[in-house]
Amino acid sequence: MSAGKIVQIIGAVIDVEFPQDAVPKVYDALKVESGLTLEVQQQLGGGVVRCIALGTSDGLKRGLKVENTNNPIQVPVGTKTLGRIMNVLGEPIDEQGAIGEEERWAIHRSAPSYEEQSNSTELLETGIKVIDLICPFAKGGKVGLFGGAGVGKTVNMMELIRNIAIEHSGYSVFAGVGERTREGNDFYHEMKDSNVLDKVSLVYGQMNEPPGNRLRVALTGLTMAEKFRDEGRDVLFFVDNIYRYTLAGTEVSALLGRMPSAVGYQPTLAEEMGVLQERITSTKTGSITSVQAVYVPADDLTDPSPATTFAHLDSTVVLSRQIASLGIYPAVDPLDSTSRQLDPLVVGQEHYDVARGVQGILQRYKELKDIIAILGMDELSEEDKLVVARARKIERFLSQPFFVAEVFTGSPGKYVTLKDTIRGFKGILEGEYDHIPEQAFYMVGSIDEVLEKAKNM
């Protein structure tokens, strides 16, 4: 191992000088004698490399000895990581002792080649009505949960992990990228209480950590997911929040002295996003289905960060503040959310017709709202009155009590099969439940519960 010394420290960016014949490669991990790990980002010439610190640079000083490990950052992978919380370097931070690692993989890997990739159109049932109906997930697809602050991205994600672990008994990897430590803690205890902790690996790089950690923690989680996939499993990979990954890239880019591009983002925004997203894919051995929470700055979907993310996704689940303000949770906007799987050749004609019928009625209701606001319901034709009545039932029937939100709602969570979901909405569209009051449709699971609830009203 060749040794160098620190020559300059600017916040999280550290310049290290090595002998001319032993300059580290880009992405090599370096170890400072204080125990801090650095990752080489640029070679400046004259034996000097510019690195990003994967940890706080407090207490560092010029002249400290730095050793080159001659390898990129390597993290433990395999079943020993399940039920554990790790940091960006794969070190345990849950005070449960060392991780008995089976093997270590480098976090920088190339994406699978074209011939290794598989294209599956198999659906992944989530048990959440609005998602299964309007924006179904593909096994091995990429899903984005879009929403501003406080509309329920993390709760939706927790419900998905719980449903996949319990109903499909699959493994999940959760990468907490630049989110609140409190959320990470809640998440851990929620998984523990739901008895699914032994099926989830948790990798955290929280808000208060340096930008290097937040930039690399998604790759650490992805590497663990790739290991499960290459063992022939169908694995779920959750990222909360992909926007913070971009933001960390912006911070690092500015510190490295690159010129900013639109809205101050890094010039390499599309490439950095591609490096992560291209590795999240299904091969002939197994699949990675990824669910990514995407914070939308100022609710503006045209911001370069969410806009770049859109290009990679198969399904987009858009959470809306208007729907949340009506008290309808999950606050998924059925008119804004899309899925490439919603195609009669993939989901079947019946599912497609019901989903489009639901969207059609909700769209018509949206148009009629202005007329109702000005002239009142009485001015509508009988046909339009029926549309409004059915739309309001559909709106309420799209809500659902979550298992992970039982504390807030006070009602037990419900998992609804796709068959029951289609049956329920088809019945509403065909007018079978026109006689039932709309309150009966609010916060229930299947249509049978609606009928049960209506009897007691």
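Glycine too: its Cβ is placed from the backbone N, Cα and C atoms.
Copied from Swiss-Prot, the annotated features are:
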type: BINDING; residues: G147, G148, A149, G150, V151, G152, K153, T154; note: ATP binding site
Counting other CB atoms within 10 Å of each candidate's CB, the least crowded of the binding-site residues A149, V151 is A149
Cβ neighbour count within 10 Å, max among the binding-site residues G148, G152, K153, goes to K153
Ordered by sequence, the long-range same-chain Cβ contacts of G150 (ATP binding site) under 8 Å (at least 6 apart) are A324
T154 (ATP binding site), Cβ-centred 10 Å count of other Cβ atoms over all protein chains shown, is 23
Cβ contacts within 10 Å for G147 (ATP binding site), all chains included, total 25
